[in-house]
Amino acid sequence: MNEEYDVIVLGTGLTECILSGIMSVNGKKVLHMDRNPYYGGESASITPLEDLYKRFKIPGSPPESMGRGRDWNVDLIPKFLMANGQLVKMLLYTEVTRYLDFKVTEGSFVYKGGKIYKVPSTEAEALASSLMGLFEKRRFRKFLVYVANFDEKDPRTFEGIDPKKTTMRDVYKKFDLGQDVIDFTGHALALYRTDDYLDQPCYETINRIKLYSESLARYGKSPYLYPLYGLGELPQGFARLSAIYGGTYMLNKPIEEIIVQNGKVIGVKSEGEIARCKQLICDPSYVKDRVEKVGQVIRVICILSHPIKNTNDANSCQIIIPQNQVNRKSDIYVCMISFAHNVAAQGKYIAIVSTTVETKEPEKEIRPALELLEPIEQKFVSISDLLVPKDLGTESQIFISRTYDATTHFETTCDDIKNIYKRMTGSEFDFEEMKRKKNDIYGED
């Protein structure tokens, strides 16, 4: 412990573990510690079920009907992976995929007028969908063809639109798309949480819809993947990568002090010993005075004994409730997985509802989502602060991750990873940097 490291990492959330893995692959000497006895920090998967009851202070132990406690791995933060998104690229480049097994989520649904509809995933489904009328479908198809052909490097594909200037609102107008289709496109395909994007230049939205379509094209049912045994497997996979490259891991380590001299971090004190470092990466819980609150997220974990109604008995799905449908500013999300993913006892389903808090009564805000899930066997409610670093960390060399937001995918988390990487190294993040070195000696289990 009394050694000199290039980088010390505190907390084993996904952001911290990926950065720890990248730094180790890049030849840095890394020490990675966590005050908890388990991996994952805020983004852990909790097992056995008894631990979840304790964590949420629910009296008594789980009823017999819940099956064996150790058959459960319950994510605290609900997210899926976009099949063609940045996190999957990170997993492929680092070959962390060989520690994990994924399943494709069975469907994505959108809420309209109190009912849920499948987000069409093929042209045939789009034509048969009751989400929009026939003429609307033709216009929508034209729009999707435009998006598919759009290439930032080839102005011939712009068709009179200036991607850096034309707003998305104007693009929708150009294709004569109605309000329902706009809601569905912005929230179920581009995955925006609010409508602020409408008045921004359109290129980002077009790229988001492209990401959705390309992710969908990979596996066909939906654009989302989910790891067997829960999301807690992801940080552990990257932690193994870091360890293979010489990273040192210590769980259950109380952190007594982050030592700063002349405004710059020089080490971390734990159990009376000091480990020195040049740079520090940590989650907000280790540096409460260096972060600020920018909002809150409510998450409700619901245990069900049945699939969600009107989802074709899917054993996994996502439901998006666009804000317009329920008079809100931000969307409500439902992520559902089940025993099919080795995260619940046989015949059980876990549905997690999440959204950005907008009022003094957050539980009331998510009622439309809970109504879709009835009857609910057990609920676990959490309200978490959204925390962001007060500064970039370039002076102190303390680089702090953001807490996980209400989105149901990891794209914003990956943006944060790339951002921290740039602040730490001064260079743009490049996926090639993550390639394992050819002389890698694999820890064969």
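Using the three backbone atoms N, Cα and C, a Cβ is placed for every residue, glycine included.
Per Swiss-Prot, N-acetylmethionine is recorded for M1, and the stated evidence type is a large-scale study or a structure entry.
The N6-succinyllysine annotation in Swiss-Prot covers K57 and rests on similarity to another entry. Secondary structure at K57 (N6-succinyllysine), taken from DSSP and collapsed to helix, strand or coil, is coil.
Per Swiss-Prot, phosphoserine is recorded for S61 (among others), and the stated evidence type is a large-scale study or a structure entry. All protein chains shown were included, and the count of other CB atoms within 10 Å of the CB of S61 (phosphoserine) stands at 12.
If you look up Swiss-Prot, you'll see K112 (among others) marked as N6-acetyllysine. A C-beta separation below 8 Å, combined with a sequence spacing of at least six in one chain, links K112 (N6-acetyllysine) to L131, D180, D183, F184, P322, Q325.
Among the features that Swiss-Prot reports, phosphoserine is placed at S130 (among others). For S130 (phosphoserine), the same-chain residues 6+ apart in sequence whose C-beta sits under 8 angstroms from its C-beta are Y117. According to its DSSP assignment, S130 (phosphoserine) is coil.
According to Swiss-Prot, the N6-acetyllysine annotation covers K269 (among others), on the basis of a large-scale study or a structure entry. Cβ neighbours of K269 (N6-acetyllysine) (same chain, under 8 Å, six or more residues apart in sequence): I255, E256, E257, I258, I259.
Sequence-distant contacts (6 or more apart, same chain, Cβ under 8 Å) of S382 (phosphoserine) comprise F56, L76, I298, R299, V300, I301. The phosphoserine feature in Swiss-Prot is assigned to S382 (among others); the stated evidence is a large-scale study or a structure entry.
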Taking 10 A as the limit, how many CB atoms besides its own sit near the CB of K57 (N6-succinyllysine)?
7
Mapped DSSP class for K269 (N6-acetyllysine), helix or strand or coil:
strand
